[in-house]
Amino acid sequence: MDKNMLGDLDNLPEEDKLKMASMIEQLQIRDSLRMYNNLVERCFTDCVDSFRRKTLDKQEETCVKRCAEKFLKHSMRVGLRFAELNQGAATTD
């Protein structure tokens, strides 16, 4: 987002600012839930082979833990990279 656009948001009426904040919050919640669901589906599919017991065995538990850690590290790295690209794009405007 460029600085002119942010300046325009500051000029909005208070009611519109509240609506924008609410929309942004809803989008953040949606994205968080989507990421969580993707993580659960991917790690469960990759790590759990059968339903032998109610609980995960040690191997499945270790696999799920590693999978989740990898997924979160990757997601954080992608987010940082997008932030770097956005910051670079904003400075070239």
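Glycine too: its Cβ is placed from the backbone N, Cα and C atoms.
Small disclaimer: the values here were computed from a predicted structure and weren't measured.
What Swiss-Prot says about this protein:
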DISULFID  CYS43-CYS67  disulfide bond
DISULFID  CYS47-CYS63  disulfide bond
MOTIF     43-67  motif 'Twin CX3C motif'
Please compute the mean pLDDT of the model over the motif 'Twin CX3C motif' (43-67).
93
Distance from CYS63 (disulfide bond) back to CYS43 (disulfide bond), taken between C-alpha atoms, in Å
8
Neighbour count, 10 Å Cβ-Cβ cut-off, for CYS47 (disulfide bond): what number do you get?
18
Residues satisfying Cβ distance under 8 Å from CYS63 (disulfide bond), sequence separation of at least 6:
CYS43, ASP46, CYS47
Name, in the order they occur in the sequence, the residues of the same chain whose CB lies under 8 A from the CB of CYS67 (disulfide bond) and which sit 6 or more residues away.
LEU39, ARG42, CYS43, ASP46, CYS47
Per DSSP (helix/strand/coil reduction), CYS47 (disulfide bond) sits in helix
